[in-house]
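Engineer: Checked TrEMBL, it gives:
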COMPBIAS  342-357  compositional bias 'Basic and acidic residues'
DOMAIN    223-454  domain 'Neurotransmitter-gated ion-channel transmembrane'
REGION    342-367  region 'Disordered'
TRANSMEM  218-242  transmembrane segment
TRANSMEM  248-269  transmembrane segment
TRANSMEM  281-303  transmembrane segment
TRANSMEM  438-456  transmembrane segment
Amino acid sequence: AVESAKGKYAHMLFNELFEDYSNALRPVEDTDKVLNVTLQITLSQIKDMDERNQILSAYLWIRQSWYDAYLRWDKDKYDGLDSIRIPSNLVWRPDIVLYNKADDDFSEPVNTNVVLRYDGKITWDAPAITKSSCVVDVSYFPFDSQQCNLTFGSWTYNGNQVDLINSLDSGDLSDFIEDVEWEIHGMPAVKNVITYGCCSEPYPDVTFTLILKRKSSFYIFNLLLPCILISFLAPLGFYLPADSGEKVSLGVTVLLALTVFQLMVAEIMPPSENVPLIGKYYIATMTMITASTALTIIIMNLHHCGSEAKPVPQWAKVVILDYMSKIFFVYDVGENCTSPKREKEEECRLEGEDGGQRRHKEVSSPLSSRNDDCNLKEKLNGNWNKSYGVHGENVNCCSCYKMLIKNIEYIANCVRDHKANRAKGIEWKKVAKVMDRFFMWIFFIMVFFMSVLIIGKAA
């Protein structure tokens with residue numbers, strides 16, 4: 001019975017209030033009086049942050065309240081009825097709009113009900129999905145923070161007609177649904193009074209600044225960490241043996257892999273002059289890999305220097321073969337720190353020369369002694385005569401011996417030259433190996449410091 005009585009009084013009140021009411025004019029008794037509109041924004045959800053187009057999509061609850069001088073009643077006359085809910089299009093509403101709106105849809109606000117109190121206070125809660133322009137700074141992507149403004153104000157009424165008042169010092173975040181990509185660090189509200197060039201009257205607005213911090217875990221595991229792992233493959237190209245034929249292919253493959261990641265980052269970033277932090281890391285790594293590939297080609301030319309090449313310069317022997325090879329622990333096959341192979345080869349060479357000299361003396365002594373080599377002369381003469389079909393002719397034995405010694409010396413010189421050329425090629429290969437090891441550590445240090453630098457930016 002009580003509810004039916006209230007319903008009867010509500011219909012009576014509605015008919016009496018809107019009998020001569022017009023929602024086209026500002027509801028003030030004095031036209032020179034300012035109508036105060038209290039604004040409150042509740043952020044419910046961040047739907048999307050389009051960095052490339054610089055558009056923030058958010059789900060908001062917009063609460064506006066004002067006093068209507070023509071919608072008042074004495075609640076005692078209506079059985080204590082102090083408030084009613086009516087459609088919002090029946091009353092006058094302030095034309096509060098989002099100034100920095102970036103949506104193509106200019107539809108009307110959601111036609112929700114308003115709460116009308118007996119003292120003329122009207123409260124209008126309306127949900128809205130807004131798309132606002134936001135200046136995105138991607139200099140420290142993916143460890144960046146963004147500040148997006150939501151500016152609300154009247155479109156036609158100036159400050160002398162409709163004045164905006166902040167309900168709170170910041171937006172309401174109590175009902176915010178946690179976002180997977182962004183953290184909310186605040187939403188302060190500031191009232192501004194601006195005089196535009198077109199008009200002399202002031203126009204107040206309320207600007208809500210949404211402070212966002214990007215959650216970088218997704219980008220670390222999908223963009224940054226693979227790049228760091230791939231970049232560590234570049235120095236290993238120097239450790240790869242030159243005879244494998246895959247040193248240059250490894251550098252080119254790593255470079256192509258980083259190019260793919262660079263294109264992925266470029267697709268989601270706005271085409272601005274500010275290069276993101278991860279983009280700088282990609283560019284630096286790609287430059288380093290390009291330099292390592294170029295150095296690999298130069299070192300491979302040193303490795304394949306053959307017998308026609310010039311000998312290793314003396315300074316290179318001292319600096320690279322003597323000092324740098326020990327610093328970077330570069331030894332040939334069979335070498336160790338206590339008995340290097342070069343000393344063994346020197347000992348073997350000396351022993352070989354001593355043995356050759358002894359054998360040469362053993363051969364040359366019977367040739368120089370005419371008293372002891374009669375049998376040998378006869379045998380050699382007999383063999384010479386048989387070989388050339390000369391019978392009964394005496395051949396000068398000294399000329400035969402000299403020719404034989406000259407042939408032996410020629411063969412020995414050829415073998416000696418072959419060993420010298422081979423040793424020269426081995427020295428160039430060792431120079432290339434030492435330089436490979438040197439640049440490998442240099443590039444490892446560079447990759448390490450670049451990785452530490454970009455991770456330090458996240459702290």
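The chain as shown is numbered from 1 upward.
Positions of Cβ are set from backbone N, Cα and C atoms, glycine also.
For each feature listed, report its degree of burial, its nearest neighbours and the pertinent distances within the displayed model.
Structural biologist: Sequence-distant contacts of the transmembrane segment (218-242), counting only residues of its own chain at least 6 positions beyond either end whose CB sits under 8 Å from a CB of the stretch, comprise 141-142, 181, 250-251, 254, 257-258, 261, 264-265, 278, 281-282, 285, 288-289, 292-293, 295-296, 299-300, 303-304, 429, 432-433, 436-437, 439-441, 443-444, 447, 450-451, 454, 458.
Long-range contacts of the transmembrane segment (281-303) within the same chain: residues 224, 227, 230-231, 234-235, 237-238, 242, 247-248, 251-252, 254-255, 258-259, 261-262, 265, 275, 428-429, 431-433, 435-436, 439, 443, 446-447, 450, 454, each at least 6 residues beyond the stretch ends and with a Cβ under 8 Å from a Cβ of the stretch.
Sequence-distant contacts of the transmembrane segment (438-456) (same chain, six or more residues past either end, CB-CB distance under 8 Å): 224, 228, 231-232, 234-236, 238-239, 277-278, 281, 284-285, 288, 292, 295, 299, 324, 328.
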